[in-house]
Amino acid sequence: MSRPILVFDSGIGGLSVLAEIRKSLPHSDYCYLFDNARLPYGELEEQVLIAGCVALVCDLVARTNAMIVVVACNTASTVVLPALRANLSIPVVGVVPAIKPAAQMSKSKRIGLLATPGTVKRHYTHELISQFADDCHVELFGCSELVMMAEQKIATGQMDMHRLADLLAPVVAAQLDVLVLGCTHFPMIQAELQQVLGAGVTLMDSGAAIAKRVVTLLTQQNLIVEERRVTNERETLGESAMQAFYTKAEISEGLTTTLIDCGFSTIERITTTN
């Protein structure tokens, strides 16, 4: 494995970001680290969150010789990014809720942000709204339960649509034309969200913007892998280029199958003391 792109999240939500990056950089190697032992991040004390994330990510960067870290978690991005950047010499990219493009796209100037309670209440989020959506009426919806529903869907293939409709009732009532998905888990259930909200609501996430930023940074450092590498007449891209690491004692058969279907050949538990 060459120097990989390390994508980090609390759970499986970051797979949506990894998929966007792979569209732009299909020949790169990838590590996916998900700290599912401490999911959901939005309920952790900030200092506990920072200490655990820094320890996990820095250890795996050292182990894999990663060339860039993508924090594919909105909660971690608003809290942990400065500490990670202070402890790493490689680029660290975070997630920014797509407030600016949502405000630009909205015709009714009624937009919403669906995220975890932690992201909704953070000062950074309100700064984004003031800076980029001052001409819009912005509704904020914080819901941790949707994160666990996305995890459950990946693990079992099942989604409680009645419960989803109940959770989204305030969003429907707000009569928005654009809704920002402010958690990387939410694109994993985008079809179900769209079904409940209807075709009149455009859903926006940050995946494509993150991928663009990663490409820019790696291009600046001349680290783009331009073509498939061939060893013994076989391409090394694929199974050998995809590694997944998790922190919980065990993961479900459904999640294991999902990771294999995504192309991961190595699925390994790592431990943390934080």
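Think of each number as a place in line: the chain as shown, counted from 1.
Glycine is treated like the rest: Cβ placed from N, Cα and C.
Taken verbatim from Swiss-Prot:
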type: BINDING; residues: Asp9, Ser10, Tyr41, Gly42, Asn74, Thr75, Thr184, His185; note: substrate binding site
type: ACT_SITE; residues: Cys73; note: active site, proton donor/acceptor
type: ACT_SITE; residues: Cys183; note: active site, proton donor/acceptor
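Known features from Swiss-Prot, placed on the structure.
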| residue | record | contacts (Cβ under 8 Å, 6+ apart) |
| --- | --- | --- |
| Asp9 | substrate binding site | Leu15, Val17, Tyr32, Leu33, Phe34, Asp35, Val71, Ala72, Cys73, Ala76, Thr184 |
| Ser10 | substrate binding site | Phe34, Asp35, Asn36, Arg38, Leu39, Pro40, Tyr41, Cys73, Thr75, Ala76 |
| Gly42 | substrate binding site | Thr75, Thr116, Pro117, Gly118, Thr119, Ser144, Val147 |
| Asn74 | substrate binding site | Val95, Pro97, Ala115, Thr116, Thr119, Gly182, Cys183, Thr184 |
| His185 | substrate binding site | Gly11, Ile12, Gly13, Ser16, Leu146, Val147, Ala150, Glu151 |
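The candidate set comprises the active-site residues Cys73, Cys183. Of these, Cys183 has the most other Cβ atoms within 10 Å.
Other than the site residues Asp9, Ser10, Tyr41, Gly42, Asn74, Thr75, Thr184, His185, same-chain residues with C-beta atoms no more than 8 angstroms from the centre of those residues' C-beta atoms, the substrate site, are Gly11, Gly13, Pro40, Cys73, Ala76, Thr116, Thr119, Val147, Cys183. For Thr75 (substrate binding site), the number of other Cβ atoms no farther than 10 Å from its own Cβ, over all displayed protein chains, is 30.
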